[in-house]
Amino acid sequence: MRLKYVLNEVLVGLWRNVTMTVAMIITMSVSLFMLGASVLLYMQVDQMKNYYYGAIEVSIFLRTDVTDAQRSAIDQAISSNPLVSDKTYETRAEAFTRFQQLWADSPDFVKSVGPDSLPESFRVKLKDPEKYKAFADQIAGMPGIQDVIDQRTLLDKVFNIFNGLQVGSLGVAGFMAIAALLLVGNTIQVAAYSKRREVAVMKLVGASNWFIQAPFVLEAVVAGVIGSVIGFIVLFVGKIVLLDHKLQALTTILTPVHNGNVWLMLPLLAGVGGVVSAVTAWVTLRFYLKV
Amino acid sequence: MIQLENVTKTYPKASRPSLDDVSVGIEKGEFVFFIGPSGSGKSTIIKLLLHEVAPTRGKVVVNTKDVTTLRSWKVPHFRRSIGCVFQDFRLLPNRTAYENVAFALEVIGKTKAVARRVVPEVLELVGLGGKEHRYPHELSGGEQQRVAVARAFVNRPLILLADEPTGNLDPDTSIEIMRLLDRINRTGTTVVMVTHDSNIVNQMRRRVIEIESGRIVRDQARGVYG
């Protein structure tokens, strides 16, 4: 009986004030969508770091006028260095072939580069990619070396962009969340006002506080959960449309976004939406109902 | 049953206390009138007994419970032992007489089955048999107050508080309501009534406590309005 009563009150409450309910659900869904996108980006960057840092190499480009003696000295130094786990050597011809494959889509660009314009190089894998600095310091001063480049620094630039996007969407999520919370508070106040007679009688006859508050709190929770489901659907559709179709080319650079991770957002968003709405409603009631 | 010990209540911003060092005891089954001019502090007594306000100083004991130290989450349960009737009836306009009384039961966790058994009984007791399904606007003032009394009494409280229950009623209807309260009192329920209706007080000849400027100036068994 009591459950039925509470559920009925919730539905009536949401319907009585339907424009406010819709506004509450929309802001909630946008906010939670941004939160979901932010969390997904964070997971994505994490996953990409694991993936790329494992395959990362330090490139040691040699000068064009390097002598055979210098080359073998460098080779020797790399092989005997305890930080190194693996090493390959790439001749100019090999570098040029790889270059041609890489830019096969732009034949004009390939034509403008001669087979001798690319330097020969050693590709070195470190046991611990974090130790790049120590390795570079030991090797960089040797004669015949043009440049030592850590792919990590290149990747970090990409990751910085992702991090920026992530922080940005988190910021938007927070901003929208403020609007959503104010709407929840306002909706609850309106609901409490329209039921002030019932509330007064309930207090008079000694209805317990939770019984008076539960319909209001649940009203907010239902709106929050509906908002989170909509936010989740937008997130999922956005992932399919953007990453799986429109920007598919990018996914060769980005590691694939697993659907499993996207599904994980549903309980997360629903949880955050529900709990935040409930707390807001409860705090509002404490000020407004004074039970 | 009810014990006020040196109770002083000063509302914030008020220049003088509404109740000033009031001590009074009310036994189980008594019928007590609190009388006095407007603003004398008599309504504050009702609010103190309901724990709507807390005393500034002193102790309020209701039904052996010290209300002053009652934790706020225990207040709802405490109120279930007290029925309450007001001058403005405080009925829900969109519910019938039956539903108004049943609502009071349902929100404290009683089942619909209990309500179906108890509500017609109590409506019969207050003399509203046959009018269960009327809405408040279809009832006269006296009948609305009967619904309010039924709602206050349906839970068989130990104490019935009545804050000027006849204030909005004509003299004949007032007398009927008083007969009803008297009948409820005879079931063993302690009745505390705040009023300034001299007719009623003079007819009932019950204990009269007169308050003036927050102090008790008279406490008389079988008293008159004076």
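Backbone N, Cα and C define each Cβ position, glycine as well.
What TrEMBL records for A:21-43 (among others) is transmembrane segment.
As annotated by TrEMBL, domain 'FtsX extracellular' applies to A:56-148.
The transmembrane segment feature in TrEMBL is assigned to A:172-193 (among others). Among residues of the same chain six or more beyond the transmembrane segment (A:172-193), those with a C-beta under 8 A of the stretch's C-beta atoms are 13, 16-17, 20-21, 23-24, 27-28, 30-35, 38, 199, 216, 219-220, 223-224, 227, 276-277, 280-281, 283-285, 288-289.
Among the features that TrEMBL reports, domain 'ABC3 transporter permease C-terminal' is placed at A:172-288.
What TrEMBL records for A:214-242 (among others) is transmembrane segment. Tertiary proximity for the transmembrane segment (A:214-242) is limited to same-chain residues at least six positions away from its ends with a CB under 8 Å from its CB atoms, namely 6-7, 9-10, 13-14, 21, 24-33, 35-37, 40, 180, 184, 187-188, 191-192, 257, 262, 265-266, 269-270, 272-274, 276-278, 280-282, 285.
The feature transmembrane segment is assigned by TrEMBL to A:262-285 (among others). Sequence-distant neighbours of the transmembrane segment (A:262-285) (same chain, 6+ residues past either end, Cβ-Cβ under 8 Å): 28, 32, 35-36, 39-40, 177, 180-181, 184-185, 188-189, 192, 213, 216-217, 219-221, 223-225, 227-229, 231-232, 235-236, 239, 291.
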### Task
Tell me the residue counts in helix, strand and coil for the domain 'FtsX extracellular' (A:56-148), as DSSP assigns them.
41 helix, 22 strand, 30 coil
### Summary
Taking DSSP H, G, I as helix and E, B as strand, the domain 'ABC3 transporter permease C-terminal' (A:172-288) contains 106 helix, 0 strand, 11 coil
